Amino acid sequence: MGKWTIPSALILLCLLSLLSDQGRKLQANAKEGAVDPPKVEDNIGAVPHGLQTDSDVVKRESDSISSRSLRNNAEKFEFQAEVSRLMDIIINSLYSNKDIFLRELISNASDALDKIRFLSLTDKEVLGEGDTSKLEIQIKLDKEKKMLSLRDRGIGMTKEDLIKNLGTIAKSGTSAFVEKMQSTGDLNLIGQFGVGFYSVYLVADYVEVISKHNDDKQYVWESKADGAFAISEDTWNEPLGRGTEIRLHLRDEAQEYLEESKLKELVKKYSEFINFPIYIWASKEVDVEVPADEDESSDEESSDRTSSEEGEDEADKSEDEDTEKKKTVKETTYEWERLNDVKAIWLRSPKDVTNEEYVKFYHSLTKDFSDEKPMAWSHFTAEGDVEFKAVLFVPPKAPHNLYQSYYNSNKSNLKLYVRRVFISDEFDELLPKFLSFLMGLVDSDTLPLNVSREMLQAHSSLKTIKKKLVRKALDMIRRIADEDPDEFSGKDEKDVEKSGDEDEKKGQYTKFWNEYGKSIKLGIIEDATNRNRLAKLLRFESTKSDGKLTSLDQYISRMKSGQKDIFYITGISKEQLEKSPFLERLKKKNYEVIFFTDPVDEYLMQYLMDYEGKQFQNVSKDGLKIGKDSKSRELKDSFKELTKWWKGTLKTEDVDEVKISNRLDNTPCVVVTSKFGWSANMERLMQAQTLTDASKQAYMRGKRILEINPRHPIIKELRERVVKDPEDEGVKQTAQLIYQTALMESGFILSDPKDFASGIYSSVKSSLNISPDATIEEEDDVEETETEPETKAGKDGADAESSGLKDEL
């Protein structure tokens, strides 16, 4: 047995040595094979800036996407409450037009590109080199992963920007949009409120935002719209260089957005006039010649020839044919296809731009994709010392916050370009505040590229640009009126036909006035230079307008012969003013009176003193002249004793004068104010001011004048009573009550309502023959008893009855 031990051990050692060598060879071969790992594609579509991705990245992305969960090593955040509320509305919305998400993403990408291009005006290095410097938008889809991505090479976002802009701090428009959405149910306006990004959750249940800013590392923002989001440093995706890529992992019901044709249609519809190129990674089938398969060649050769006929010549011929045999096959290739190649509208001649193109450009410019067209537009080129091109639009509806903080806001709706380069949309010096509702853009060839707010304010060209813009804007608004058939009362039918499509233009200026009439009035207050031109645009109702709006020119055309003043009255409503005692004599004599019912009208008429040589006269103020009355002198003399006595009786009421009225017909008396003081309506408005100072109002309050109607029986009887006994307390109380009644009817607020009520009750007692000394019957005193607490049984019975009632309901 011992003899076999040593040889067996030697054999075993030899076998182990062989196995070890074999293992080292296998390991070496494995290492050699791992030197060059396989790529998905070496060069996608042979495009210089195609994206390259290795197999490890593909695996990591697949794992992440399949799990659809936030990465474990990411920093987690909670959405700010308003953002969560907004996202809940969007996610649970039944809104059918989900297409809007793409236009919002493209619009945001365009804004980011605008920002980096503006920075590059003063620092070329911010653009980088190579593909990074190309300012463009790229759209790519992946049907297998159900993923749609959109990439821009804009300014990008830092980590702080991602947190601020996409999650924790709601923009000011978030609340406003939520309120608008809940009241109208229309998501289409989301872009106007600065929260368009969240529309991605109409179609996606998981979103990744990869972004690289020049001042920070590359980060990934991700969210499933479940109330939280996560941000982590991006170490696995391809470096962007600069910009943002948004990846949408689409819901099952949103797979239509993985079709190229659908995406092309949406870009054409919504984003045709974006100022940067938009590309899509498009598939294309081409015919390619390839060598025929070997099996097919051998089959053809065997069928075409027999072994008996085969010779050396035939063999040579067969070899030549083999080398030439090829077939054509369809091959799918990919390349970047540009979707928006339309030249900027403002650079084209207005004659070459159709109405449909203007409407599409307006929707793209304003992010208002409703079905309504702008009311009007003006496209023009200014030449001379200052050269610029501009397109102005009148939106169909006024912004919801147009007059909120009117004098404190610096918002402008004009985009400023300098030599086709976007500069700013926050510069408010190009148009006055009263025209801030206009939308559009200005492209100047005169202003410097490295422009700033301070430079613009001091630039000599600014005043010229502003002056021309205002003139063109007012011409555009006037054209709305000129082309409206409702404005052509008294004109020939031929003139109406020249105005354009009557059905489309009908009622347009009334619609404009209802939306922006207050702006025209503010313009009259603020712009003395254009006051007369703006006055031509004023519209109002009057005693002769039959419920329609009329103009000052139309009023003047209807003025009576010899009428020198334009009569108007201010108040709360037309219905109230129609019953005003101030109009009695004017209506009887067929004078037209304008109704001003907007609070701003009181301020307006302090600046609009005359029009076309005609003075304005408030019929509720002193100084009204209505023809000549030959008996006025006699009447004054006959009522002189009454007016003097009445003024003395009202000395505590701060009445400046009592006199005969020329404006009354059926009313015994009214109270008017001095010509340059506040009217009753203005006094009411000022008292309603939150921070008003009552002590200072006395200086502006107009002097009150009591005007009496000498033909009224109450006034005649009062005169006779005064002549008999001027010290009669009953007559004095009656005179006081008449004055207080006139004060109320004239629109004033009583300083002592209790005193007025007591006078009324005394008058009622007298009419009912009740003694002034009659007392009120005393109430019997009844001791109050404490109510006992409800017993448990009684409470249970009441609960049972309540429950039974609910069941019946």
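Quick reminder: no glycine exception, Cβ is built from N, Cα and C everywhere.
Annotation source TrEMBL lists ATP binding site at Glu104, Asn108, Asp152, Met157, Asn165, 171-173, 192-197, Thr244, Arg453.
As annotated by TrEMBL, compositional bias 'Acidic residues' applies to 290-302 (among others).
Look at TrEMBL and you will find 309-322 (among others) tagged as compositional bias 'Acidic residues'.
Look at TrEMBL and you will find 775-788 (among others) tagged as compositional bias 'Acidic residues'.
Per TrEMBL, the feature compositional bias 'Basic and acidic residues' maps to 789-809.
Along the domain 'Histidine kinase/HSP90-like ATPase' (97-254), the predicted structure has mean pLDDT 83. What TrEMBL lists as domain 'Histidine kinase/HSP90-like ATPase' is 97-254.
Summarising the annotation, TrEMBL assigns region 'Disordered' to 290-330 (among others).
Taken from TrEMBL, the feature region 'Disordered' applies to 768-809 (among others).
TrEMBL lists 1-20 with the feature signal peptide.
Sequence-distant neighbours of Thr244 (ATP binding site) (same chain, six or more apart, CB under 8 Å from its CB) are Ala109, Ala112, Arg151, Asp152, Gly154, Gly156, Met157, Val209, Ile210, Ser211, Lys212, listed in sequence order. Taking the binding-site residues Glu104, Asp152 in turn, the residue surrounded by the fewest other Cβ atoms inside 10 Å of its Cβ turns out to be Glu104.
Here the binding-site residues are Asn165, Gly196, and the one with the most other Cβ atoms within 10 Å of its Cβ is Gly196.
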